[in-house]
Every structure is written in structure tokens, then in C-alpha cells.
């Protein structure tokens, strides 16, 4: 991984302050939902209304009256005023329309649960910008970008919906989210249990903080995915780093690397660490989107893309040049499966979305997730977790320093057994599962494991190629939601 422990993402078209420092594995959580065109529609467009609600910029202070418009989407085709429910998507780090169109599970179960679907956009993402074009100007404007403020937005929006939509006032609400949104769904149930009767937190790494889990668990799972997908695959990747180091020692070697990897720009010796970070991030992204069918989540990819990649990485005991030619073929599966890309751009994974800006600030304040590699239990170069280095980079970038223990102080870390009605789902292929809840905590804090699942596969729309493990997971999730809805109405009936 990176020599300075951080991957520099340059968004020079925005402004000088837009240079972002973010570790590849951590940025993957944010960039996972930020395609080049985040409002692109799926093959079958969803029918929803686009609405706006006036939110306070600061819910927890009393000397500011500034407000902004939070965007949210509503779909009520299958909603029933009698015995119905509200499924509330806790928006995360990106454009809410993209989330709406890519969370097919909610659309698939809406009729069965007689549900209204609500997708709430997270402040500072998409169109929900508290200070408009100045929202990312400096840390003073970004000061209100916190999970706590976002949860308060969700609470106020639910109150507004129940107050203004006839028939919604006395209906149960269930929070649903994936990845960071899954963390928010769980935290929302913890902090506002009177607002939602339960939460589905898919691929939510709520324990990827401080020392709650080993810092190397994420990259270890990435490595396991590659090791299981083809003979000698992870070993080939492990050996590629030294091959790159040796070949980049000379000008002719750099020139050869540029050609062999079909890069868009000539490599210099200063580019080598960035090149290795870019390659590392590619393997991370593949682990997260290792779906059982062809998909277009981050890039157009075949079914089980890691198996396809590993077909080119069967023999680690070859010359440096042949090994790296094989690495190119593997990279080409991710970046050029469509066959339309003429060269590979090692800055390509830095998307041009404001979502990346917001996430980099959150990673420098609250969402401080330790990652490390040792080159023994994983296929990456050794790299230790260095909080001071992160803190210094964050201060240089944003003028703020991280609070690594704040999330566990706010939400309890592993001491959450007093809460109820949260389903934590994780795919065993997903590297974020290492920071997730993978075992039942109580009868009502339940873990659902998807043996053939990558990153929140259960929230994707149903597919004929879905493995049995995800079909069972969705069935369990719906059963829990039905129980929460039934208990809500049973309790309401007893009170009258």
C-alpha cells in the first residue's frame, strides 16, 4: 500500500483545496457508490417523486437559523394506508437517485410489505448542499457534515412525512441502508428507536474503528477472495510488487512498464507508488463487486469477475516482464471488459464527484478506520496503520484533525446489546464484512451471513443467477421486517 499511508486523489478541476488524501481501502467505501454519471438510470427506470424538505443546517445549536433543502424521493405505488409500512433508505455518500435505482431489494419487497419507499439524501451529497457551491470551501462550511447531523435530518424528515401524508402518521417505519448507509440505518435505530421499528444494515462495518477488529482484516479478506478464485492467483499479485520495483529502477524499465500496462501517460519514478496504489485499489474494488452475474456497478464486469481475472494469474514463477504482462490482462478485465478503452489511466478511480470531497472530510473527522497490511497474511506490500500521518495529512488538507474514538463513543462500539430490532447482513466475499456484525448479539440483534455474497448483494434487485445464500438472506430479512410491522400494529391495537 501507499508509502505515506494515503492515496492522493487530485481533483484539480474543482479548486486547489480539492486535493484529497484518502487511503485506498477507506476510499473504496466512499467511491463504491460514485460512478462517473451518478444519476444514470437502470434498464428499467423507477417511478418516484422528487421532493425537497427544508432542514436546519445545525440541529444541535440554537444561534443559527440557516436552512437548506434536503432532496428525497418517494414511491407509493404499492403503499396501503391500512396495514402498510414505510421503508426509509438512509442515504449515504452519493447522489440519492443513483441509490434509489440501485437498491432493487426495496422495490422487490414493496408490494409484499404494502410499503411506501422513501430515499433520503445525505447532507453534503447530491443536491443536498447546506451552503450550495460553498459547501466544500473550508472546514467552517464543512463543520456540519457529521453522521449525527445526518441522523437528525432523517428524524425530522420522518416527522414531516407523518405529519403531511394522510395515512402515514400511524405507520411503522423501517430503516434500510447499505455500506455507510447501513451503518447509518443501524445507528438510526440505536439513537432514534421511537422513529423506526427496526433496521436492515447491509454490509455495514460498524466495528471497523479503533481496535475493535484487527487493522489487517480488510485486506486479508480481499486476499482470500483471490486465493479461492484461482490457483496461485494471490501469489502472482504478491510477487508483482517486487517485479514493479525492479523494473522501475531504470528509465528503460519505466518505458517498458508504460507500454506493457498500456498506460495513458509515461511513468516516472515518482509515479510508481501511485501506480501500485492504483493496482491495489483495483483488487479491492473487484473484491467488493464479485457478483455472480454480469454487472455495471463500478465498471462493466463479467459474472464472478475475480475468477476471470485469476485466469491470467495462474503462474507466479515467471519472469518479471511476463508476470506484469499477465497483471495487465487482469487489470484489463476491470477497466476494459467492454473493449472500448484505448489506454489505462492510473487516476481513473478518482471520480469527479463532489461525493468524494465530502467523504474525504468525513474520513478526516469521524469515520476513522484503521487499515494495515503485512505482506504475509495478505497479498499486498507491508504497510502499518499510522494515525499521526493521517492526522497531519487531514490537517494539511482540511485544517481538522480526526477523532478516532468519537464513533465508538457516540454509538457504543461493541457494547450495543441493549438495542433491539437490527438485522446485520454481510457477504463472506465482502472485505467490509471484517468490520461488520457477523454473529447474533441477542435474539433481536441478528446477523445474516451470505456465503457467496459480495458488497450488499442482498440489496441488489433479484436476479436469476442469485445464489441460494442470498435468496435465504432476503427471505430472513423480510421475515424480520414483517415481525416488526406486526408487533407495531399489535402494540398500537393494545393502546386503543
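Any Cβ shown, glycine's included, is placed from N, Cα and C.
Per Swiss-Prot, the features are:
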type	residues	note
ACT_SITE	179	active site, charge relay system
ACT_SITE	430	active site, charge relay system
ACT_SITE	455	active site, charge relay system
DISULFID	215-372	disulfide bond
DISULFID	233-310	disulfide bond
DISULFID	264-343	disulfide bond
DISULFID	364-394	disulfide bond
CARBOHYD	47	N-linked glycosylation site
CARBOHYD	101	N-linked glycosylation site
CARBOHYD	317	N-linked glycosylation site
CARBOHYD	336	N-linked glycosylation site
CARBOHYD	345	N-linked glycosylation site
CARBOHYD	415	N-linked glycosylation site
REGION	194-334	region 'SKS domain'
SIGNAL	1-21	signal peptide
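Looking at residue 372 (disulfide bond) and residue 455 (active site, charge relay system), their Cα atoms lie 20 Å from each other.
For residue 345 (N-linked glycosylation site), none of the recorded positions have C-alpha atoms inside a 10 Å radius of its own C-alpha, out of 47, 101, 179, 310, 364.
If you measure from the Cα atom of residue 215 (disulfide bond) to that of residue 455 (active site, charge relay system), you get 19 Å.
The Cβ of residue 264 (disulfide bond) has 13 other Cβ atoms within 10 Å, all protein chains considered. Each residue contributes its Cα atom, and for residue 415 (N-linked glycosylation site) and residue 179 (active site, charge relay system) those atoms are 20 Å apart. Using CA atoms as reference points, the recorded positions 179, 310, 336, 343 were checked against residue 455 (active site, charge relay system), and the closest is 179. The Cβ neighbour count for residue 179 (active site, charge relay system), using a 10 Å radius over every protein chain in view, is 27. Residue 101 (N-linked glycosylation site) is surrounded by 23 other CB atoms, counting those within 10 A of its CB over all protein chains shown.
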